[in-house]
Amino acid sequence: MAEVVAEVAEMPTQMSPGAVEMSTPMSAEMMEMSTEVTEMTPGEALASSLFFQHHQFMCSECGSLYNTLEEVLSHQEQHMLAVSEEEALTTQNVGLEPELVPGAEGPFQCGECSQLILSPGELLAHQDAHLRESANQIQYQCWDCQELFPSPELWVAHRKAQHLSATVAEPPVPPPLPPPTPLPPPSPPSEVKMEPYECPECSTLCATPEEFLEHQGTHFDSLEKEERNGLEEEEEDDEEDEEDDEEMEDEEAMAEVGDDAVGGDESTAGWAQGCGDCPQHQPSAGARRQHRRTAHSPASATHPFHCSQCQRSFSSANRLQAHGRAHVGGTHECTTCSKVFKKAASLEQHLRLHRGEARYLCVDCGRGFGTELTLVAHRRAHTANPLHRCRCGKTFSNMTKFLYHRRTHAGKSGAPPTGATAPPAPAEPTPPPPPPAPPAQLPCPQCSKSFASASRLSRHRRAVHGPPERRHRCGVCGKGFKKLIHVRNHLRTHTGERPFQCHSCGKTFASLANLSRHQLTHTGARPYQCLDCGKRFTQSSNLQQHRRLHLRPVAFARAPRLPITGLYNKSPYYCGTCGRWFRAMAGLRLHQRVHARARTLTLQPPRSPSPAPPPPPEPQQTIMCTELGETIAIIETSQPLALEDTLQLCQAALGASEAGGLLQLDTAFV
């Protein structure tokens, strides 16, 4: 989309590149206004000489010009509809079902900011915002001092004050108006003459928009190379500056020693180095070498803009201004590979390569991308039916690339040649060439989709109908993962690498997710709240586990309804041995130990028969005879005694103790 620009200049003798020659009849009112120009003041005559350069939009298919972007887009829809009708007609003649070629329906890409938009109406509304932004940036430039002004009134006041002060005493005599020329005959629309397109970088003229775009692509490649090699040149310049400073110090020291020894003139000793190309003199050989490299090098002709701090040269003032930000804001260095970047955002994007991060992942193939736009463009490759299909069999997801490709079948340029008229009708209509045979379609046995290749069919069955595969395996332990980024994170468990460090406590982690989860403990944020009791948690998994405490046991009428509780987080942990459900994994683990112990006892081999244990000893009865707290006698017997016999034994023992003898019991008595 062409950018809307308004420029202020004198009435040119030739048309600017890209303008259209148009002649309009001069009315009587305009003749009267032209005769009154001689009575204007110099400022009014200067203000009346302003003109606005009007840009038009050209159709990339037929070269037609339109004043607004809406007219161009509506006109290009006719080309798309004509192509779709022609393809449908050819397929009906062969006997095949017409293949739907999408026209205006589908995502469109903005040429200014590369944003994807779904409908033409939204695209027009989106590009109107760009037009309003560009319209607010119109400025008027003085052709003598190159100063910019936001309004024509300020521009006229500037011209009166600065550049017309010398001619105020003598008012300029306006040139006589040329006599009115007869109106030329109206030219047919097909004979519109187009001026060549001029490149703003190198002023190269191109005949067609396609050649102009191809030529500008070379400047983009050189710009990328310059930005890529800019840091290397800065490092080399810094090293050379250090060497030159050392040489300068050595030469100055030698000059001082020579002056002291010889006693020469100090005024001529410091200017001994002269430049061979210009009359300038330098104080040392290092300064002379630096002067010749910046002023007389071959690159100085094509890079006239020089940096005052590092003496680097650039081809445009915009690149010099962008380079100056590196001196103002400082450079950003990578701590891993010591690479230097001008912006902090570029350094952050570079650090993701070391960390192996991929913020946007494709769910079909597991590839990671740094931006959402690249992921959306990649996702189109997994679709079964592409948006745009050419007759030659090539498919395109971008409408602009599809239109550019179609021109290769018709010729170099899509615009008609200058002065060309409508081609004469052929005497005999030639039959259209037969369309190429459509590629073989492989239907999916599980759904109604069909694919042109076996690889796309297998990818579709694996992604849609098959179980989740773990195609990426660890080379150390053989564990499988769904995505490649998971393998990279898993390898850190083998290497012991923990590159993510907490700035608050210094603790390191193996993944960025674990670091983010840990940082919540320092901030005190608990974003997950229970709706029943109001308790807050730092992680959603802890909240889900806490929610099970509020759930009541559910009774089912039939046994087959019991496993459904696992789907609704009622009791998600199930024992496969006895069929019991548990709300926590810890309870399931404790329960499984019971089954493990039972299996251990069952699997133990039978022991050999052991000898019979000896009979237990006969029970003995102990009788203690006491008097006044003192033990008189202890009687042990293997048979229980009656109360009368026990009293007799105690009296006998008491009498024996008084007599000073021993009591002997007869076994027959006992």
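Residue numbers in this text run from 1 along the chain shown.
For all residues, glycine too, the Cβ spot is worked out from N, Cα and C.
Swiss-Prot lists zinc finger for one of the ranges 34-56, 57-79, 264-286, namely 57-79. Looking at 140-163, 620-643, the range tied to zinc finger in Swiss-Prot is 140-163.
Outside the zinc finger (360-382) by six or more residues, the chain places 114, 116, 349, 352, 397, 459, 463, 471-472, 482-485 with a CB less than 8 A from a CB of the stretch.
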